[in-house]
Amino acid sequence: MKFKLHSNYKPAGDQPKAIEQLVNGIKKGLPQQTLLGVTGSGKTFTMANVIERLQRPALILSHNKTLAAQLYEEFLEFFPENKVCYFVSYFDYYQPESYLPASDTYIEKDSQVNEKIERMRMEAGISLLTRPDTIIVSSVSCIYGLGSPEEFKQQSFEVKPGAEMPMRQLIFKLINLRYERNDTELKPGRFRVRGDVIDIMQGGGTAITRLEYFGDKIENIYELHPITARKEKKLDSVWVYPARAYVTNDEYKQEAIKSIKTELQECLAKMSDPVLKYRLQQRTNYDLEMIEQLGYCKGIENYSRHFDRRAPGSSPYTLLHFLPKNPLLFIDESHATLPQVHGMYEGDKTRKRNLIDYGFRLPSAYDNRPLKFDEFTGFLKPFAKDGANVVYVSATPAMEEIRNSSQIVEQIIRPTGLIDPPITVKPSEGQIEDLIEEISKTIQQGNRALVTTLTKRMAEELASYLLQNDFKVEYLHSEIDTLERVEVIKRLRTGKIDVIVGINLLREGLDLPEVGLVAILDADKEGFLRNERSLIQTVGRAARNIDSKVIFYADKMTVSMKLAIKETERRRKIQIEHNKKHGITPQSISREIRNKKLEANSEEEEKLEEEDILILEKEMQAAAEELDFEKAIELRERIKKLEVRSEK
């Protein structure tokens, strides 16, 4: 299916020129380009137009989950007839395995997986392998290890009505693909058996596939509604994909076990400390026994090099390996995304060094890692053979993007004629009283306010103080999980709250037309959050509303403040002259409130939540009867959260 862009708007402002330049650059074979577009100039719409013009699958890489969620919703709306997928970390909570030699403390890996996001990740991988009209919106999670795409394809199989496949054989195949049998509750990655019927919910979907048997022959295949289990349509065939990204056949599993044993013996021969030797031998042999008996073990990803049959030191398989030939790669907010890619590998290596040096892991654990930066950039080079597949997108590109780009495409003029907001500098003394006054004025105008602080504690304390002064306010920082962040932003847009207090999560890409005030506290504190680029990005949060303004609270004028104000004035001058020349009256940007796909409280989930509460209550009672009070308390808290959500 071809990419078909749906929108009520046509390219305007600098968009037509930018689209033409980028498309021509790709066709000419320019290796890399940069789209320098001011906030609110419609960079996402420009990307969508480039995808439609070139008819090529695309990966949009973002540096945080909040922005990725927003981009995902926008591309879903732009391309309703095509496949748009979301790929971010599926951990709501993650404590990595580590060892602290100074205190002899071993910290076991602990995590909480978000099942919905896990399903969406699986859906992304499957779509890249099966549909040419796929767009993936991803965080830097895409540079972390994933299973081999070739192995994934080889393990998948097709079933058709009339095929001879005894039910026992199909069940065996499903278990090998890491599906779980559960005849009571069907979830992604599970199947159930009822008489001559097998129902499967694949790892990357919510629809149920029903296979009806007559003897050893598959008689009919249907797709069922995930909630009502009503037959939606009859299928001529269906492909069954692995339930998890990591999957291997028995032959490769035996090879991996043999390879792990060989590495273990080599390591033990080199070790002199008897305690460390014993520890490594005991832990590794336990893992090997689990793999032999169950097919997996806790922390199996640390042995991924053996299962993937990779050479020591070689790069892991990632989502990038699932991409077809000639994709488009847009690196959104590249000034923040590229440094993130830079730092991932070293951080992972430092943590694992202690685990390996002190006998907790084999050296092959180093190869379960994110891509190094040179591996990531090296991965981009093959794309350039078919044209300029890489486009850096930013309002404030860093020197790295500018230096590597064959063409810088500017997008300064907004489609609505809106100009950048004016910046006022006010003293820090009495800033809270002044801030309260400014927020009150903003709310009276029907607008919302964003306030940025330097630390999480300051954000929480300021939010608490504003709450005491009768403002509807919430704070936003990294400890709030992915879906809840999206909900907080939505509550601001719908008017349920008037103020968000945050730190750097408010910088890039948050599309908030209702914001009429951006207040930056301690603007003169030079550093990561108050450098020129960060200040310009924060100013941009107010660039979608005609009545908006920005206040820097500071006692002195820093170099970064001067440069940010100078660049903002340069852009304002270009925009004002353009409006005067073409007789354009600036208008606030209008944008629908989306997030339907990522809402934590969708209609279908509300129906499911009632059933979930009943199931959890039974589990809680069973846990209490077994005297497992910790589990019972945990289940009680989950029930409370579901009850609160269902009341909203």
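Glycine too: its Cβ is placed from the backbone N, Cα and C atoms.
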Legend entry - The annotated motif 'Beta-hairpin' range in TrEMBL, which must be one of 90-113, 162-185, 618-641: 90-113
Inset, instruction - Out of 411-446, 555-590, 591-626, let me know the one TrEMBL marks coiled coil. - result: 591-626
Legend entry - Cβ-Cβ distance under 8 Å to Ser41 (ATP binding site), same chain, at least six residues away: Gly13, Asp14, Gln15, Gln411, Ile412, Ile413, Arg414, Pro415
Inset, instruction - Could you check the binding-site residues Thr39, Thr44 and say which one's CB has the most other CB atoms within 10 Å? - result: Thr39
Inset, instruction - For Gly40 (ATP binding site), just count the other CB atoms lying within 10 A of its CB, please. - result: 25
Legend entry - Intrachain C-beta neighbours of Val38 (ATP binding site), sequence separation six or more, cut-off 8 angstroms: Ala395, Gln411, Ile412, Arg414, Asp420, Gly540, Ala543, Arg571
Inset, instruction - For the motif 'Beta-hairpin' (90-113), would you mind checking the mean pLDDT of the predicted model? - result: 87
Inset, instruction - May I ask you to report the DSSP-based helix, strand or coil state of Thr44 (ATP binding site)? - result: helix
